[in-house]
């Protein structure tokens, strides 16, 4: 019978020997389908079939419809419901587990695509509201669950690369969607709506989401290559979980990053309306494809930099944040110049037009900026969480903040508000987010180490109080 011996190690010098015993034992029993890479792939494929293809439809502008107003009204309902279901994501994960929450979260996206198909072909309006509501209820849980999984399953030193890997699948949905969009709509030289056959492919692909989710391993069965285990949080009473969420909402570092997470998705309805109103159908399809490829390249570069061990954690956090926000600010200055011109003389641009490149390239940059803020936001949250249980809570509340912002922005875009005003609002939100978020970023690796206690300078775990670290070795 196995016996369990606890060693209290007062000196870090003897730690590697004990760690080697644990690592060797874990490696001997390693199962590839329990590994971090396989589970990250499952999350990625599910993200591909669910939000990835959803993003592909939004990237072509207004879900592929001729005008954005009905779709944006539906999206306002979607994100209003998501605000509440994202907050409930932590409670549901605590009650039913991350895997069950994840599978449930993939189930509503197909109804949204079916609603767009019916509206495009039969002009059915009520299904847009029903499909948006169904997607909002389930997607909020999915957003919270997928983020918690991708922050807690990988080792801290590989978190940036795994976030980029996961988002590559999500953006891969946009790539495939872009190919589908372009294949069915390459002849559309004028503004208008997508071919109705486009949506059939989306509906079929999104049906696979729940089945893929069933292959996910629960946290307690995940195996890391270095032998360490995913920290498992004991389930607590629902009332206690709600109290913990409310307490987190009043934490200073969370309040400082609220403007950043409001900004992250606020611009999506605007840029969707922008591309749908000013560009031909095939130019919109091409934009969805090129934008997705650019997003993957950008997030892979950022993810690699965030895990680059030659620089301290604090330096990586600050340099990447400053570079990202500088790029975004420059693009909004560019956007104001372009939008002013389009507001005075509304174009209908195709890729054969001489003035096509200036406004179309701006749209691609906006998509890249969104991917960068999305990736960095998750990485930041991973270090703000002080214990493993807080990872789920943080991903739930920040996604709720994002959903609330996108709900308001979609409501604005569902009206005929001049787009130049929306450009100004987005620029202002960027300005409001820059400094408060930096006040948190500068503490990464200094006072904020993440749930796994990663130190900023040498990337080694923090010891328990008194310099004593407990290691369990089974013989």
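Heads up, the Cβ atoms here are built off N, Cα and C, so glycines get one too.
Feature annotations, courtesy of TrEMBL:
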REGION    1-23  region 'Disordered'
TRANSMEM  36-57  transmembrane segment
TRANSMEM  69-89  transmembrane segment
TRANSMEM  96-115  transmembrane segment
TRANSMEM  127-151  transmembrane segment
TRANSMEM  163-184  transmembrane segment
TRANSMEM  196-216  transmembrane segment
TRANSMEM  254-279  transmembrane segment
TRANSMEM  285-307  transmembrane segment
TRANSMEM  319-340  transmembrane segment
TRANSMEM  360-381  transmembrane segment
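Among 69-89, 163-184, 319-340, 360-381, 69-89 has the largest number of CB pairs under 8 A with the transmembrane segment (127-151).
Here the transmembrane segment (36-57) has Cβ contacts under 8 Å with residues 63-64, 102, 105-106, 109, 112-113, 116, 135, 139, 142-143, 146, 149-150, 153-155, 158, 162, 165-178, 180-181, 202, 205-206, 208-209, 212-213, 215-217, 222-225, 288, 292 of the same chain, all six or more residues outside its ends. Contact between the transmembrane segment (96-115) and the transmembrane segment (196-216) holds: at least three of their C-beta pairs are under 8 Å, each pair 6 or more apart in sequence. 254-279 is the stretch from 163-184, 254-279, 319-340, 360-381 with the greatest number of Cβ pairs below 8 Å to the transmembrane segment (69-89).
For the transmembrane segment (360-381), the most Cβ-contacting stretch among 254-279, 285-307, 319-340 is 285-307 (pairs under 8 Å). Outside the transmembrane segment (319-340), and at least 6 residues removed from its termini, the chain residues within Cβ reach (under 8 Å) are 274, 302, 305-306, 311, 358-359, 362, 365-366, 369, 372-373, 376, 419-420, 423-424, 426-427, 430-431, 433-434, 437-438, 441. Among residues of the same chain six or more beyond the transmembrane segment (163-184), those with a C-beta under 8 A of the stretch's C-beta atoms are 40-41, 43-45, 47-49, 51-57, 59-60, 64, 146, 150-151, 194-195, 197-198, 201-202, 205, 282, 284-286, 288-293, 295-296, 299-300, 302-304, 371, 374-375, 378-379.
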